[in-house]
Amino acid sequence: MATPMENENPNFARTATSFRNFVSKDPDSQFPAESGRYHLYISYACPWASRCLAILKLKGLDKAISFSSVQPLWRNTKENDEHMGWVFPDSDTEVLGAERDHINGAKSVRELYDIASSNYTGKYTVPVLWDKKLKTIVNNESSEILRMFNTEFNHVAENPSLDLYPPNLRAIIDETNEWIHDGINNGVYKCGFATNQETYDVEVKRLYEALDRCEDILRKQRFLCGNTLTESDIRLFVTVIRFDEAYAVIFKCDKRLVREYYHLFNYTKDIYQIAGMSSTVKMDHIKQNYYGSFPSINPLEIIAHGPNIDYSLPHDRHRFSLESDYTRLELFESASFVCELKLIEIFDSLG
């Protein structure tokens, strides 16, 4: 998620994350994958944090890894300090979906970083994967947390067979992740925080080239890397689910809406309807944050009412699995026909 300092950068280059340790299924590692040991701090508004929550849900790690969300609006993170960032509500009922920090009693995400490192000078971002035993941040890089959740906790996962980064698809997943991140995930921010028309024109062109590329791919197959759900789909989903409700207005990404892309829109509904995914989307948090936390582009913090899209409506993406089944049936029938011809030839030769 963007921070105020990044907003001043016309090229919107994100700062590298600082905590890069890895939870491992090796019981002798510094951070072994133990049930109940880790807590994931997120914001439902933040796409980078939400994609980690999505993998947690898809893998069925709810009972093994606890999680909680900050409130959606940025606030002062420390008294007598101008820094604005993620803060926890004062009570569990103050903001629906957000909770007090029951793990450390912190008032802000900034405090978590201060607990983990007294001399920390970086940005105070989410997601944060917290080690409750060692009372420190393990990792705050979402792309690495995705991989940990995908493989290292399988012994305590309810869906251990689900592999969102399978070996046979890793090359195409890595390639897809790169252009999705640059053109779409980060692309909407580059459009929104462009400081001149020339920069905006360049970035919006790149954004829609990437979206058009998605539409073309999804015209032919159910997901980005084939007919199998992968990590790339989760990375794309967290942006397109926010697109029409927030980015189209606040970031001026209005050349074409996601719901105006036939295949991309049905794809978004398809992923939203996967068990567990809808619970990772809280549109009220999303809109409060984007419309209320960027004074440079929306100083009056007025929140748009629409369009209130119902992503639970039917979609047509199941047709790809049906087509695959039909293709397999055709191949089977064709093979059977060839076998029958061979048998006839054999009987004729014997006669």
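Placement of Cβ uses the backbone N, Cα and C atoms for every residue, glycine included.
Given the structure is predicted, the values throughout are model-derived calculations rather than measurements.
Annotation source TrEMBL lists active site, nucleophile at C46. The annotation active site, proton donor/acceptor is assigned in TrEMBL to Y189. For W86, K123, Y124, T125, V126, E141, S142, the entry in TrEMBL reads glutathione binding site. Annotation source TrEMBL lists domain 'GST C-terminal' at 166-293. Annotation comment: TrEMBL describes Y247, Y290 as site 'Lowers pKa of active site Cys'.
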Legend entry - All-chain count of other Cβ atoms within 10 Å of Y290 (site 'Lowers pKa of active site Cys'): 24
Inset, instruction - Could you tell me which of these recorded positions, W86, Y124, Y189, Y247, has the greatest number of Cβ atoms within 10 Å of its own Cβ? - result: W86
Legend entry - Most distant Cα pair in Å, residues W86, K123, Y124, T125, V126, E141, S142 binding glutathione: 16
Inset, instruction - Give the residue from the recorded positions C46, V126 that has the most other Cβ atoms within 10 Å of its Cβ, counting over every protein chain displayed. - result: C46
Inset, instruction - Work through the recorded positions one by one (C46, Y189, Y247) and name whichever has its CA nearest to the CA of T125 (glutathione binding site). - result: C46
Legend entry - Proximal residue to V126 (glutathione binding site) among recorded positions C46, Y189, Y290 (C-alpha distance): C46
Legend entry - Count of other CB atoms lying within 10 Å of the CB belonging to S142 (glutathione binding site): 24
Inset, instruction - Report, as a single number, how many Cβ atoms besides its own are within 10 Å of the Cβ of E141 (glutathione binding site). - result: 20
Legend entry - By Cα-Cα distance, the member of recorded positions C46, Y189, Y247, Y290 nearest S142 (glutathione binding site): C46
Legend entry - recorded positions near Y189 (active site, proton donor/acceptor) (Cα-Cα within 10 Å), from W86, K123, E141, Y247, Y290: Y247
Inset, instruction - For the domain 'GST C-terminal' (166-293), give the DSSP counts of helix residues, strand residues and coil residues. - result: 94 helix, 2 strand, 32 coil
Inset, instruction - Check the Cα-Cα distances from C46 (active site, nucleophile) to the recorded positions K123, Y124, E141, Y247, Y290 and tell me which is shortest. - result: Y290
Legend entry - Around the Cβ of K123 (glutathione binding site), the count of other Cβ atoms that are within 10 Å: 22
